Amino acid sequence: MGSRPRGALSLLLLLLALLSRPASGCPAPCSCAGTLVDCGRRGLTWASLPAAFPPDTTELVLTGNNLTALPPGLLDALPALRAAHLGANPWRCDCRLLPLRAWLAGRPERAPYRDLRCVAPPALRGRLLPYVAEDELRAACAPGLLCWGALVAQLALLVLGLLHALLLALLLGRLRRLRARARARSIQEFSLTAPLVAESARGGAS
């Protein structure tokens, strides 16, 4: 997956996450202290993981849960995030981990994430997640299973393309209306001033 699909996917999921974040700020069953959100050792799985976290989160603790993957865009939706504690989870290294792998690749330091190891599939068991290639993650998907990460990226690009086309159409329509109004105003002003100019010309000739 190239950088453009990831960028479009991240943008779309960022908007969705901001729209769906909990009104209370600190999502259950986590605890919060300032901008630190602690969801560690709460038995969280993909299904029970909070859909979003406060956008000003600077430190997120997900250590010691039952997470095999993270929803795409979950970490990208936290622009202030400086540290994510993700150890002691049974990560399944297949195409579902592509968003997390991309997020890790963008971190300035990989040392804090060297304890992230693949538990499955057998071919990748024990491997350090930050050093598993994207092609290896894609290849780990079951035969015939479309990598939903790539599918979401394509859908995101389609939605963004449609939004851009709609915005362009609205801007062009607005521009046409402004030009039509300016033309009508010019014609109206000319129709008002032309008789005065003609009358002034006749007066000067006499």
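Even glycines carry a Cβ here, placed using N, Cα and C.
Annotated features in Swiss-Prot:
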- CYS26-CYS32: disulfide bond (DISULFID)
- 27-147: topological domain 'Extracellular' (TOPO_DOM)
- CYS30-CYS39: disulfide bond (DISULFID)
- 60-83: repeat 'LRR' (REPEAT)
- 89-143: domain 'LRRCT' (DOMAIN)
- CYS93-CYS118: disulfide bond (DISULFID)
- CYS95-CYS141: disulfide bond (DISULFID)
- 148-172: transmembrane segment (TRANSMEM)
- 173-206: topological domain 'Cytoplasmic' (TOPO_DOM)
- THR193: phosphothreonine (MOD_RES)
Composition by DSSP (helix, strand, coil) of residues within the repeat 'LRR' (60-83): 0 helix, 3 strand, 21 coil
Neighbourhood of CYS32 (disulfide bond) by C-beta distance under 8 A, where only residues 6 or more apart in the same chain count: GLY25, CYS26, ASP38, PRO54
Integer Cα-Cα distance in angstrom, THR193 (phosphothreonine) to CYS93 (disulfide bond): 77
Around the Cβ of CYS95 (disulfide bond), the count of other Cβ atoms that are within 10 Å: 23
Cβ packing number for CYS30 (disulfide bond), 10 Å threshold: 20
Least Cβ-crowded entry, counting other Cβ within 10 Å, from the disulfide-bonded residues listed as CYS39, CYS93, CYS118, CYS141: CYS141
Cα-Cα distance linking CYS95 (disulfide bond) and CYS39 (disulfide bond), given in Å to the nearest integer: 24
